[in-house]
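> For reference, the structure I am asking about is given below.
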């Protein structure tokens, strides 16, 4: 595994050098001190752009999935009516699960956006060259590491909001592996494009757009 060895020296981290300044005890009244503390002593910056992108696209995907599901159910229930569209739209909007929408939006903002961006940065640090071997290794690692993590976290996040953490082991046992294996057929080609042609800054957005179609596809196929 030379590809993972050269640039990822876990035991080779160097602490940042502390430069001597004329004032060894800086004034506490400066706003820069508080801002440095808010980002962390090691200079961590929350990836706000990626978090907002992931949350907005998660909201979009959930909205499409909910509207399509409600539309099919209402259309089937009043299939004999001549005024179908006018009867369906008010009920579709009124039945929208806003708590579910907030749940998915917060998941994208707090978890998926920052987490996946950190993961893609780590892969680019370990495998910086765009060789066919590195691209295929990134796709493989994305499926066997990030894929199970995303499924595990989104199931746990969903059950936490629903107050059903005690049912989480059964949820994992019943749905985790089928969802993971079923998703390989969709996410492997998407991941290949993601690592091959999409720059690092846009990868979270690209995968979040893929999630819109994935959620819509699951909602459509699972309800049949």
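Cβ from N, Cα, C; glycine included.
Because TrEMBL annotations are produced automatically, they should be read as predictions rather than curated entries.
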> Look up transmembrane segment in TrEMBL and report which of 180-198, 199-217 it refers to.
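Matching range for transmembrane segment: 180-198.
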> In TrEMBL, one of 22-42, 43-63 is tagged region 'Disordered'. Which stretch would that be?
22-42
> Mind checking which residues reach the transmembrane segment (180-198)? Cβ under 8 Å, same chain, six or more beyond either end.
123, 130, 135, 138-139, 142-143, 147-148, 151, 206-207, 210, 214, 217
